[in-house]
Amino acid sequence: MSKPTVIVIFMAILVLGMATKETQGANCVNYFEITFPEVCEANWCAAECLKAYKNGKGTCWQKFCQCVYDC
């Protein structure tokens, strides 16, 4: 193989490795508004996030349930 061919292959592998590294570990966030009861309950929030999103984690914020999950 010639030198330019080796460099092109190396650069392609490098770019592909960087592209996959950027997409790993990205988190998305979604919010559920609480209508009843008036205050968010931690157990309900966690269960709803797991039901809606695989590996979702729920956190209560007054009248909202915040779900953080892998994109």
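Positions of Cβ are set from backbone N, Cα and C atoms, glycine also.
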Cysteine of C28, C60, C67 paired with C40 via disulfide, per Swiss-Prot:
C60
According to Swiss-Prot, C67 takes part in a disulfide bond; indicate which of C49, C65, C71 is its partner.
C49
Candidates C65, C71 - disulfide partner of C45 as recorded in Swiss-Prot:
C65
Relative to the Cα of C28 (disulfide bond), which of the disulfide-bonded residues C40, C45, C67 has the closest Cα?
C67
Using Cα positions only, nearest of the disulfide-bonded residues to C40 (disulfide bond) (C49, C65, C71):
C65
Residue among disulfide-bonded residues C60, C65, C71 with Cα closest to the Cα of C49 (disulfide bond):
C65
For the disulfide-bonded residues C28, C67, C71, the one whose C-beta sees the most other C-beta atoms within 10 angstroms:
C67
As a test of the contact definition, list every same-chain residue at least 6 positions from C45 (disulfide bond) whose Cβ is closer than 8 Å to its Cβ.
F32, G58, T59, C60, C65, Q66, C67
